[in-house]
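This report concerns only the one structure given below.
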Amino acid sequence: MSELPERVSGARPVSDLPAHLQCSSCSKPLFNAQQTLHGCRLCHACVTGLLHEVEKRPCPGHTEACTLRDRHSEEDVGGGVETEVSRATCYPDIATRREVAKLRVRCPNCDAGCSVQLEWARMDQHVQQSCDWHSLRCEQCKELILKKDMQRHTSSECRHRKETCDLCSQLVTHSEMETSHRNLQSDVCCPRFSARCPHCSERSTPMDRRGYVAHLSECPERTVECKYSHLGCGEMVSRSDLERHYRDSMDSHLELMDSKLKQAAVVPSNSAAVPQSSVGAAAPTATTADGREVADVKRRVGSVFEQFKKLQVNVANWAHSTMELEQLADRFGGVSQLRTLLSGLDERTRSVEQLLQQVQQLQQQVQQLQQQVQQAQRSQ
């Protein structure tokens, strides 16, 4: 007797199952029954799921046959020894399989709606050929669909079914038709498809993809970044609401500007301390020519630091101006005068950034001069 296909293992007997046709481990029908050397009967699922291929383990059965008396140790120990089995020690129980194959069972798809009852041996033919409640996998979307619904699914429901665009005659899937082929915001939009702008649909007229791309640069309802995003404002507002945003967020923009300027005014103290210590450490023990060179380097370092200090004062002045702006905002409560001040803050920020660049350049000059000092000292 050959094995029954695994796809019909879920079939349930119509009547009560006799005890000798129940698995000794799980009490379910002995589907593709296996028998151990000590006579225990197990279903195929318990053999493959509970037993090792070759390593012997205690038999999972619960019958008397699963425990044998050790005659040699019965008097000393007085207990039973559980028989150990593996898949390799089990063999097909042909007689039991023949009985199980003749059992009348319900279709495995009975919960889905099939009411057919057949012998277990004939059930596989029914499932594959005539059961309308059997689930098949759609070749396009890979979803499980009932056999009776497959034709409707492939023709009108499958999201990967092919469709021909009635505008450009291109063959695309249904999901692409909805998400990209007829979507002005998609780079692969149908060249002949036209629709209103999704941002200002009530105001705009139908346009194609090319017209939509050109329209975006002036669409009043398209969301754009605040012009103070470089300061930290993360708001995204429609182009038509920009003026209102600038007016309502004036205080927060001032705070961002203040924070930016304060950060720019902070200069690490060790940037000036290191060169001074380096200059002070120069020992005038060189020759006359080397001494003049070292003195010249010291003079240039001192000149650079004088310029550096002036820049620090300028940055501090910018920070002080920011504090005055805050006081002005508190005094006038964000009236029209602050708009003019706010428009000028951008120019001040650019000036600060230029000052910072000059500071960085001076720092680089200091480093170069330090290297020259060190080289002059080594040459002594």
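Just so you know, glycine gets a Cβ as well, placed from its N, Cα and C.
Nobody curates TrEMBL annotations by hand; they come from automatic prediction.
As recorded in TrEMBL, the features of this protein are as follows:
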- 345-379: coiled coil (COILED)
- 126-178: domain 'TRAF-type' (DOMAIN)
- 180-243: domain 'TRAF-type' (DOMAIN)
- 126-178: zinc finger (ZN_FING)
- 180-243: zinc finger (ZN_FING)
Exercise. Taking DSSP states H, G and I as helix and E and B as strand, how many residues of the zinc finger (180-243) are helix, strand and coil?
Worked result: 18 helix, 8 strand, 38 coil
Exercise. If you run through the domain 'TRAF-type' (126-178) with DSSP, how many residues end up as helix, strand and coil?
Worked result: 20 helix, 12 strand, 21 coil
For this session: For the zinc finger (126-178), provide the mean pLDDT of the predicted model.
Result: 91
